[in-house]
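Enquirer: Here's a structure for you.
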Amino acid sequence: MEAQAREHEAKIARSTGKEALSHAIAAAEYYMKAVREAPNAAEKARLKRKCEELLTRAERLKAPPAPAPVRSKWPRQSRQLPAGEKAILLRSSRLHGSVFPPWDAEPDANAFRKSSPQEPLYRGGGGDEVPDSMMIAQAESDLVQDITTDCSVVASLCAAMPHFRRTKDSMLSALMYPFDNNTFAPVTSQNGKYIFRLHFNGCFRQVVIDDRLPASKTSRTLFVVDRKNPHLIWPALLEKAYLKVRGGYDFPGSNSGTDLWVLTGWIPEQVFLQSDDIEVDQIWKRIKNSYDYSDVVVTLGTGRLSPEEEDALGLAGEHDYAVLDMKVDEKSGNRRLLLKNPWCDGLVWKGVGSSATIDVAAYPPSSSSRSDRTDSTTDLTGAFWITFEDVIQNFESLYLNWNPSLFTDRQDHHFTWTIPSPAMALSFAHNPQYSFSASSSGAVWILLSRHFQDGELAIARNRTANEYGDSKDGSLAAVSNSLGFMSLYLFNTTAGQRVQLPDRALHRGAYVDSPQTLMRIDAEAGVKYTVAIAQQDLPLPKYSFTLSFFSRCPLDVAQAAPAHQHYEELEGYWTRRTAGGNAATATFLHNPQFSITVPRPTSVSLLLCADGADIPVHVDLVWAGGERVMALSTRDIVASSGEYRRGCALAETKAPSAVVDAGTYTAVVSTFEPGQHARFTLRVGSDVPLTIRPVLSDAAGRLRTELAPVVSFQGDEVHASEGDTVQRARVAVSRLTRASLVARSGSLSGAGGGLPAVPSSLRVSIEGGSGPHRTTLAVSGDGEFADGTMGVRTPEVDLDPDMVRGPGGGVWVVVEQMGSRAADQGIQVDILSDGQVSVGRWETVERY
């Protein structure tokens, strides 16, 4: 009889409608006959259970198909994805050796039925004999983790369990398949295959697993278990699906905000509880109201704690906790949260040092519909009440996952980003940027989500192995930090155009080590905003991202337009010879300079970026005809970046109020201190094509001989002189040599010595002989004194060895100075020549 019953039972899975019902009834009848012929009580009990299961199954087959569950209305997607963005989503489907295609439709029921070749494998037991208790909880769930390190995942499941309950709007109905819409619960797959709808890498995706769970050689478990429903397996299957996405049961760790984003698609937000800007009362009110309406899932995370702190507080360091309830005491007004430590034998809050320690037994769970508990809270493993003030004091992060149904409109924009070079990393020139405007004023939430990729998992695992060996007990923060940080910036003064520097941002988001970061703003109708993506230390060369906009009104979102039509980038170096320092130094003229030819009036921008974040830099556009700028004059500066700024600086003119006329200009890039060596990038933007070329240095093709600085005196005051001071140094050459002098007065240290620059006139010359028989071979300024801070130079002249060695007194470099002089200021003199030149010491001579 049992063999005939099994034949009809097997045919149920391969048929539908009335045919399936007839097979179910026939199988039940054969099992009833088999009960009467059973040899013992145990066999009778087994066959009776099979008969009851088939009768229940027949009743379900008689009932009309259940309607789809009523689910919250998600915001509408008004934007059609272009082909390029669809390609990004398809490329992001490959992860950890598996393929997770974008979700397109619910799977057909046939996907979970046994195929004909599988029939012999299931005879005598298998999927059809799994009792309903493995998918349906008989009591309130009490999920715990044992020896795996996915505390954030289990905390996420604990916090979200109210949304997974057997109701018509259960999240599980859209999350796990197969699912029975009559019982509002998952059902056992006949062939062991389960399909999950998880949200990651830009969209909902299909994750397929089998029903095999890892086992250990001891009584410890490697997957999440329900202590009140030991046979319940769907939480472990859901955990397995998530961990497949993240790389396996040994993945280095996550946070519950990210976990719930993947599991539910609810918008993640991280609140840093130790921030100086936190407003405790406002946060409680915002969370409590939404929590009461089941519109937010709340979890908490601790920071790093010492073993002594863990023991004293009863809290585990770098660990996530689920929030199971929130309530306010009507008499005292105390705000409390019911937390759960997901560890099966974990610590619970002791309240050492707390000013408001709570007696657990004194506060039963809330009786509101949000909590709706039927048994004692104290029966839950690791559950305890704690005041909100103690949470603020002892926890590091508050993770909030918000119901997307709070919004009516949503736009997802998918893009890839090649991380900029170190020289451009501090600017936003190559960062993705989007502009948006709202049709009416109201809340707009902007979520940046970084797609998972294999390279990140490898980095995290290597960091764990390198620092902590095989113990896996190292700092989760250190592992997260190894994956870099990202943030969002918002601007409202750019008319929706791209920005090049993070200055003047309306909102600066915190840099987070999580794969998601959220910005919440109150947008004004008609205002064009620019949102820029920022990063620090992202280790991989290229990433894919999704930028999601949530609102209650239509938004106009597009990639931000550049401020100029043309951009050109030039790279260079500040070296020992070209790191001239700021304009107050005598070596300023040695800085790298570029000739820029403007064919017709245009607005321009000059962005200077150094590959050293601690190097102050500056850029000027000077009216100099494309020639080398010896010193800066205020009247010649067309555009300046202002004060020296670390890492990068921007000089710009903006049309129509300020444009650069047609002509040839010189751009000077400088560091604040002379001798600061670094690589730099100069990015020039304009509305017309420009001609840009490096300006050759004075020493191009020449040997530069740097003379010791000319210092007239030692002291800390400004000295006035009615006459002039003359100093000279003897020159020697071994062959006919062509040479010239370049000189400039200014600060010798680059910092000005704490004294302002003082006026001083300067003249330099090359003279043959001495005394009344001297001959001037070359002189600066046609013999006239000139402003020493602007620099002076002589024409080139031939130096003959016979003249140097002859009886006429030799050849001399002569420096004459008139006017006031101050401490730490002097004259820097260089000889530019086509051969080797030797120079003696400076000596002071009387006025000729």
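Each residue's number is its place along the chain shown, starting with 1.
Note: Cβ is positioned from N, Cα and C throughout, glycine not excepted.
Features from TrEMBL:
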ACT_SITE  Cys151  active site
ACT_SITE  His319  active site
ACT_SITE  Asn341  active site
DOMAIN    75-404  domain 'Calpain catalytic'
REGION    106-130  region 'Disordered'
Enquirer: If you count Cβ atoms within 10 Å of each one, which of the active-site residues Cys151, His319, Asn341 comes out on top?
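Expert: When each Cβ's neighbours within 10 Å are tallied, Asn341 leads.
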Enquirer: If I take the alpha carbons of Asn341 (active site) and His319 (active site), what is the distance between them in whole Å?
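Expert: So the Cα of His319 (active site) lies 9 Å away from that of Asn341 (active site).
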Enquirer: If you measure His319 (active site) to Cys151 (active site) at Cα, how many Å is it?
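Expert: Here the two Cα atoms lie 7 Å apart.
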Enquirer: According to DSSP, which of helix, strand or coil covers Cys151 (active site)?
Expert: helix
Enquirer: Looking only at DSSP and grouping its letters into three states, which state does His319 (active site) belong to?
Expert: coil
